[in-house]
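Reviewing the structure listed below.
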Amino acid sequence: MAALNGLVLLLLTISAMFISECYSSGESQSIQRKGQCEEVICHRKLNHLGERVTSGCPTGCLCVIREPDNVDNANGTCYALMSSTTTTTTTPDGTTTSEEEE
């Protein structure tokens, strides 16, 4: 009976180590931004008409500002927007289908 308890304890220890290794490797990977939006700073400020404007991000990027909405002068970070393409297919009988791909 003691040998069976030892075997169960050994199996639990091995499975706990395996699960711990799986979770710790996932936490250490960072999100890497690549492309035109990488390391681009954007700005929110008031223009000459007193309206809030956001500038600094290239086309296809979104400016994310981590300040409250009541703060007019703030800096943010540009992130790439998810892009999708549409594929249009025409069959021999003349029907057309469109599919969006991400």
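From the backbone N, Cα and C atoms, a Cβ is placed for every residue, glycine too.
Among the candidates C37, C42, the disulfide partner that Swiss-Prot records for C63 is C42.
Take the candidates C22, C78; Swiss-Prot pairs C57 in a disulfide bond with C78. In the three-state DSSP scheme, C42 (disulfide bond) is classed as strand.
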